[in-house]
Amino acid sequence: MHTQTVAQLIQGLRDKRFSSVELTRHFCARITELNPVYNAFITVNEAAALTAAAAADERLAKGDAAALTGIPLAHKDIFCTQGLRTSCGSKMLDNFVPPYSATVIERFQGAGTVNLGKTNLDEFAMGSSNENSYYGPVKNPWDTKTVPGGSSGGSAAAVAAMMAPAATGTDTGGSIRQPAAFCGITGLKPTYGRVSRLGMVAYASSLDQGGPMAHTAEDCAILLNAMAGHDPLDSTSANVATEDYTAGLEKPLNGLRIGLPRQFFGDGLDAATGECINAALQELERQGATLVDITLPHSELTIPAYYIIAPAEASTNLSRFDGVRYGHRCESPQDLHDLYTRTREEGFGDEVKRRILVGTYALSAGYYDAYYKKAQQARRLIHGDFMTAFEQVDVIVGPTTPGPAFALGAKTDDPVAMYLEDVYTLAVNLAGLPGMSVPAGLVHGKPVGMQLIGPHFAESRLLNVAHRFQQATDWHTQTPQTGGDA
Amino acid sequence: MQWETVIGLEVHLQLATRSKIFSGSATDFGAEPNTQASAVDLAMPGMLPVLNEQAVRYAVMFGLGIDAHIGMRSVFDRKNYFYPDLPKGYQISQFSDPIVGAGQFEIQLEDGSSKQIGITRAHLEEDAGKSLHEDFHGMSGIDLNRAGTPLLEIVSEPDIRSAAEAVAYLKTLHSLVTYLGISDGNMAEGSMRCDINISLRPMGSEKLGTRAEIKNVNSFRFVERAIRHEFERQADILESGGRIVQETRLYDADRDETRPMRSKEVANDYRYFPEPDLLPVVIDEQYVAEIRKSLPELPADKRQRFIEQHQLSAYDAGVLVDSPALADYYEQVVAACGDAKIAANWVQVELRGQLNKNELAIEASPVSANSLGQLITRILDNSISGKIAKQVFEAMWQGEDSADEIIEARGLKQVSDSGALEAMVDQVIADNAAQVTQFLEADDGKRKKLVGFFVGQVMKVSKGQANPQMVNKLLAEKLK
């Protein structure tokens with residue numbers, strides 16, 4: 001059962017080949033067996049999942065099942081789940097059990113899914129390797145000596161190791177796409193505002209976006225159908241009509257204009273990874289797409305702009321973790337200052353502290369104009385680059401990452417090298433665009449991803465291109481040797 | 001040295017929305033601690049603000065009320081500082097693009113003159129919660145009921161020159177926002193709180209001195225006292241050759257002094273930046289026009305109308321338009337009796353006197369405007385004298401029936417029957433021969449004074465019910 005896609009599992013449930021309880025039990029057994037190896041889950045929700053599965057089976061039996069009734073999913077531990085700990089990978093929230101659920105969680109509940117548990121992540125989604133978790137690093141199922149990527153590393157590893165058929169992730173600078181690439185799965189970061197952020201603990205409010213991670217583009221489309229939509233309780237949620245994201249999957253690619261940004265195929269790109277992307281592009285060309293060389297002239301501003309804006313927003317988003325109302329509080333504080341400083345000193349990890357300090361600095365009087373304001377100007381230029389490009393092309397394609405997964409510990413002492421991992425993904429968040437990562441080959445036995453970028457609200461187009469590509473290739477069906485035989 | 005006081009005021013006005021500015025929690029005053037605090041107000045992880053449209057509407061109403069530039073695109077910013085009653089660690093406010101830009105209004109001074117005060121800006125923001133330092137045995141309690149209550153911060157230009165002007169400004173502002181219905185203006189409950197920026201300069205100098213800011217003063221009386229105190233303090237320093245330190249001070253009403261706030265209580269870098277959880281607020285001309293059309297008659301216009309239409313003095317008009325309820329009451333009395341001047345007198349003197357004595361709002365007056373109008377009608381048609389009318393009013397205030405019924409039941413109707421009056425006048429003249437002689441020997445000037453004695457005697461005989469005009473006329477005829 002674990003090798004099947006969500007689309008196949010839906011059919012299997014309808015055809016009564018297995019029940020939701022059987023399915024849930026099966027995935028829980030795989031989690032029990034494999035999680036000690038990969039550390040993909042922070043919290044397993046087995047008892048509640050089985051209860052929900054039993055309820056789903058009743059609905060299936062009665063014939064009033066919703067689209068995803070009975071499908072087990074894993075959720076990144078940054079989506080608040082009522083009554084179930086939501087840690088954000090941080091000691092700060094190790095004891096935090098939300099009295100409410102994120103809109104995304106409620107929508108999935110409404111659609112009938114079963115929550116298997118909460119997946120590991122870089123603390124507060126800050127990281128590109130999942131090594132910044134209070135609960136320890138996640139191991140890449142393709143090679144446990146390498147990182148799964150981050151920050152949605154737990155979700156990516158859980159899907160890759162088939163501990164869950166699909167999972168939710170969040171993407172602020174590449175946190176869905178990069179781990180999807182490293183773990184050989186398909187991930188979609190929707191347009192900013194397409195998916196509600198309510199109940200999704202904020203890292204950088206103007207960049208954060210939730211999205212699906214699964215084996216196929218079709219599964220991502222099915223999950224996006226449940227996730228997407230306007231939320232009046234999230235003021236930045238777009239009041240733009242949703243569509244059936246599965247409807248256009250099969251459309252032929254004849255006449256599709258694909259833009260290849262010069263800046264995405266330059267020096268920093270690993271040669272073997274570049275070859276995989278070129279081979280993938282040939283396949284798209286074979287299906288009728290035309291390749292167009294384009295330029296994104298302000299690309300070099302991407303990393304500096306991102307690493308000012310994201311920490312600036314994070315530095316104040318994380319001010320609420322002060323030990324006063326919930327979460328970690330230091331032992332016997334002497335006074336208010338002691339309460340704040342020790343609580344935050346103890347509760348946050350190094351990378352979170354680094355970004356709070358950088359962000360605080362960037363917003364400080366006397367530096368605001370030089371940093372934050374400049375970064376916002378750069379952001380507008382980057383956005384403008386994409387808008388110009390989309391006058392000539394329908395979709396932009398390139399590598400998701402400069403290379404395949406790197407070794408655990410390889411970049412932990414060099415934050416800037418770590419930041420460079422996201423060189424191709426960050427701009428998409430700065431411009432608020434939808435982006436996908438699709439498995440496009442193996443380099444020394446490790447997966448690499450092809451990134452697809454579309455205009456705002458063009459999720460269907462990206463899913464269409466990805467799906468057609470997956471109809472002609474089998475990279476997305478390749479699985480790591482997990483040793484799991486449950 | 002003669003010093004000129006230069007004052008600018010920042011007023012935090014609590015808007016009368018039913019729910020908070022960024023959450024659906026109620027804003028009622030006096031609820032049990034933390035019963036009006038939702039997950040948003042508590043800044044629970046993942047919670048997001050949603051702007052209350054009514055707060056925007058109220059801010060625009062205020063802007064139109066002071067003829068200000070309305071910010072068609074205003075932006076919310078985060079003002080960052082740590083404090084336990086500020087759950088998010090930042091206050092959502094407006095910094096560079098406020099909803100209301102420059103405007104002005106006219107204040108009325110006690111001497112009847114008026115003065116224009118410039119308004120720099122007014123912006124929307126959320127209130128913080130309350131820290132309670134007593135009753136928790138060395139710990140502090142946090143009540144977040146108030147956290148997220150919508151505030152309009154109204155910043156004046158440094159156009160105010162005295163404590164009296166500051167109070168007049170606040171009273172005018174209070175009157176305006178009450179008319180607009182955008183705030184209950186209840187200062188005791190903190191609906192209007194004031195920060196005072198104050199500096200001194202030698203009289204005649206154009207250059208501004210160094211200012212001190214006095215935080216969170218919450219009554220007209222305290223504003224006046226804080227300014228007077230601060231003037232003395234700064235003048236003493238300057239006259240002894242010292243320099244004013246720019247700082248934030250606190251007014252301690254119990255000790256009647258200002259003292260510097262501890263530096264820990266004052267953050268110096270708020271790291272303002274645009275709030276990424278909210279979109280800019282964009283309003284259009286149509287929205288503003290629709291609000292403009294719905295505005296009530298404002299106090300300044302009403303005062304002008306009262307002066308013209310009811311022939312009132314600027315002072316009387318100012319008193320009567322102070323609150324919309326009082327102005328409405330007055331106009332109802334006028335409608336019922338037809339005499340604007342006497343109505344103004346009665347409302348201002350008798351009615352307000354009783355209201356103030358009993359600490360009642362006009363809305364709670366036991367005498368309705370129609371009843372008072374009816375009473376005045378009886379003075380006008382000579383059924384009773386003004387003096388008797390006061391007795392009747394007293395009875396009405398105590399809850400007795402209408403003026404007519406009281407007059408009837410107590411037999412207070414004025415005696416205008418010339419036969420009966422003539423008999424009384426004759427009797428008084430007969431009983432006071434000595435005074436009559438004195439009167440007849442006096443010159444015209446003295447006679448005017450002495451006639452009062454006879455009038456008084458007749459009134460006494462008539463138990464106050466004699467028609468004074470007729471008594472005067474009869475006396476003039478008889479005492480020749």
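Each Cβ is built from the backbone N, Cα and C atoms, and glycine gets one as well.
Per TrEMBL, the features are:
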type	residues	note
ACT_SITE	A:Lys76	active site, charge relay system
ACT_SITE	A:Ser151	active site, charge relay system
ACT_SITE	A:Ser175	active site, acyl-ester intermediate
DOMAIN	A:22-463	domain 'Amidase'
Next item on the list: Provide the three-state secondary structure of A:Lys76 (active site, charge relay system) computed with DSSP.
Entry: strand
Note to self: I'm trying to understand the geometry here, so how far is the Cα atom of A:Ser175 (active site, acyl-ester intermediate) from the Cα atom of A:Lys76 (active site, charge relay system), in Å to the nearest whole number?
What the structure shows: 11
Check: Does anything in the same chain, at least 6 positions from A:Lys76 (active site, charge relay system), have a Cβ under 8 Å from its Cβ, and if so what?
Finding: A:Lys118, A:Thr119, A:Leu121, A:Ser152, A:Gly154, A:Ser155, A:Ala167, A:Thr168, A:Gly169, A:Thr170
Next item on the list: Give me the non-local Cβ neighbours of A:Ser151 (active site, charge relay system): same chain, 6+ apart in sequence, Cβ-Cβ under 8 Å, ordered along the sequence.
Entry: A:Gly89, A:Leu121, A:Asp122, A:Ala125, A:Met126, A:Gly127, A:Ser128, A:Asn130, A:Asn132, A:Thr170, A:Thr172, A:Ser175, A:Pro179
Note to self: Considering every residue in the domain 'Amidase' (A:22-463), what is the mean pLDDT value?
What the structure shows: 97
